[in-house]
Amino acid sequence: MLILQRYIAYMGSLPEGEYSASSHHSQIINQIVDPSFASQALIRSYKRSFNGFSAYLSQVEKEKLTRIAGVISLFPCQTSQLQTTRSWDFIGLSTTTERRPTIESEIIVGVIDSGIWPESDSFSDEGFSPIPTKWKGACDGGKDFVCNKKIIGARSYSVENKELSARDTHGHGTHVASIVAGNEVRDANYYGIANGIARGGVSSARLAIYKVCDPDCPDTNILSAFDQAIADGVDIISISINHNYPVELTFDPIAIGAFHAIEKGILTVNSAGNNGPSLSSIDSYAPWMLAVGASSIDRKIVDKLLLENGVTLVGDAINTFPLSGEALVYGKEVTSNCSEADARNCLQRCLESSLVDQKIILCDQEPNLEAVKTAGALGCIFASRLNVSMVMPFPAIALTRNDLNMEILAAYSPIGSPLKFSIQSGTSMACPHVADIAAFVKSFHPEWSPSAIKSALMTTAWELTSHYSEAKFTYGSRHINPLKAISPGLVYETYVEDYLRIWCNILRGPGSMIPIDVNCPVQLTPREINYPSMAAQVEVRNSYSVSFPRTVTNVGRANSTYVASIKGDLSKLRISVEPNILHFVSLNQKMNFVVTIRGKGMRPLRIKRMSVLWTDGTHNVRSPIVVCTMKSSYGEKTLTPSRVHITFVVLMVVVNSFVLIAPHLLFHCKLI
């Protein structure tokens, strides 16, 4: 039996001049696929904003396609996963913050997610001006789906032959979209919890919805959404989706789509994932995207557990079903046919209904709550280091060792929740907050490039301190500060050509996406890209000297002088900034400087974190600096530059809960 699999063939930018992508893709399919099946093999052509297609292929056909001129990368179509009343005030965007509503209303945010519930009060268009004339998209949301002047476009994608609808049956997409640009809705709450005004950070902005998840998110759908969103004319893309593991850039549909978005001046904001904290544990690392982690807000939703002996335990909980005087049993005590380890974790097959019925059960880790409920338990208590944002008509308390499980209330699909609003946490909720703040900054500076906006968000972030041992892996560029970001003083601008040069040594060759006229320096390293952070991997126990050339643009005041200083862990290091004083005489003037780091004797798997701070007395422009060592999987031997393939990885790990951390750059090395 012939086994077929979905593959994506990425072919770079669309050729200039007269070119029919659909015809070209069909011709390629006809060359490699049996003629009797060719018409069914092609799933979708990407032809609006970049070049490529997805198709059903056998292993033999896949091998043939790899030899076709023009195909940059060919990879299996995998599935990615989907990863408030108080948060905006905590961040600094209160209802009284100065706004530019007229410009805000011209900003279109594309949300790639699980769709939207258009009837939610968060998406009413009452009082909205006409749809921006730059909008080129359409409302194709399916049966009974109606767009308005808030939701100005909607599309849905599926690899299966079923009726398409952009309506959200999960809730995740509605939640994300309302954080991005939801209207103010008073008395929003979840069974009375977190009562207040639910709103988006830039509530005047428009929404374009691209449903790719139901509930999984196939790569081919994601690429289709990027292809369309770029052509539709969105200004910012928010995508709270990733693979839950790092993917090579040329095989990553989000990185590919975001690259072609940045070509058109569109910033993509992506969730970094909920793994970590450890080195290289984030999933979104392409330098042309803004990767977002999560921290906490100044509110925590908890519940108390009062025991018979008078001891009170406090845990994360969203409980509206209080219990009193009920018996408490341990998982290992209510089974007769399981190992002790499985019983302690309350696995479904271990629970004896007669022993669980009408009791509260204690588990060592988060169980299948539906199974616990079905077994007859009245409630559940479990220990967890993970986020506990779940919604069930069932009392549950999580006793966590992590004090950072903060929950965000926002609009939800009534199919996914019994109420109009629900509570979620993690980087999925952090991502739309950052996309919103990017839109907020853009409303003050419509002429700024995506990299200038990204730089402003990264270099003005709040300082963070922590007593956690993993802290060096959690901060990224620290905690976002929207009010500072609209006046950063200096910005680091990165251009598409810079990103192309990074890819030169990887992709140079026949059919490459690299234009022939792009210069590819032989010794180019990622350190030379004009990025708002600096990082290097050095050899274990050896002396080292690394330099970071940078260019900053003055967007603060004319006739200003900035002085550099170094902050952080400077033990066994010598760091210089040349020149360490920059005199600007005009706005938009550019000036260069070089940061050089010298040191020796670093042990394996060590990391030093510092920052370079430029200040003129008013503006503080901070860029993270990281120096680290890594250890080869082949023992103590450290990888050397001649033996590694260097790609970008963001050194930033997610702490389960909310708010925002902008990223910074590090290298991840692997043998080739």
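Yeah, the Cβs are placed from backbone N, Cα and C, and that goes for glycine too.
Some features that TrEMBL has for this protein:
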- Asp113: active site, charge relay system (ACT_SITE)
- His172: active site, charge relay system (ACT_SITE)
- Ser428: active site, charge relay system (ACT_SITE)
- 6-82: domain 'Inhibitor I9' (DOMAIN)
- 105-476: domain 'Peptidase S8/S53' (DOMAIN)
- 529-627: domain 'Subtilisin-like protease fibronectin type-III' (DOMAIN)
- 646-667: transmembrane segment (TRANSMEM)
The one of Asp113, His172 whose CB sees the fewest other CB atoms within 10 Å, among these active-site residues: His172
Secondary structure of Asp113 (active site, charge relay system) (DSSP, helix/strand/coil): strand
Per-state residue totals over the domain 'Inhibitor I9' (6-82) - DSSP helix, strand, coil: 24 helix, 24 strand, 29 coil
Assigned conformation of His172 (active site, charge relay system) - DSSP reduced to three states: helix
Residue pair Asp113 (active site, charge relay system), His172 (active site, charge relay system) - Cα distance, angstrom, rounded: 7
For the domain 'Subtilisin-like protease fibronectin type-III' (529-627), the number of residues DSSP places in helix, strand and coil: 0 helix, 61 strand, 38 coil
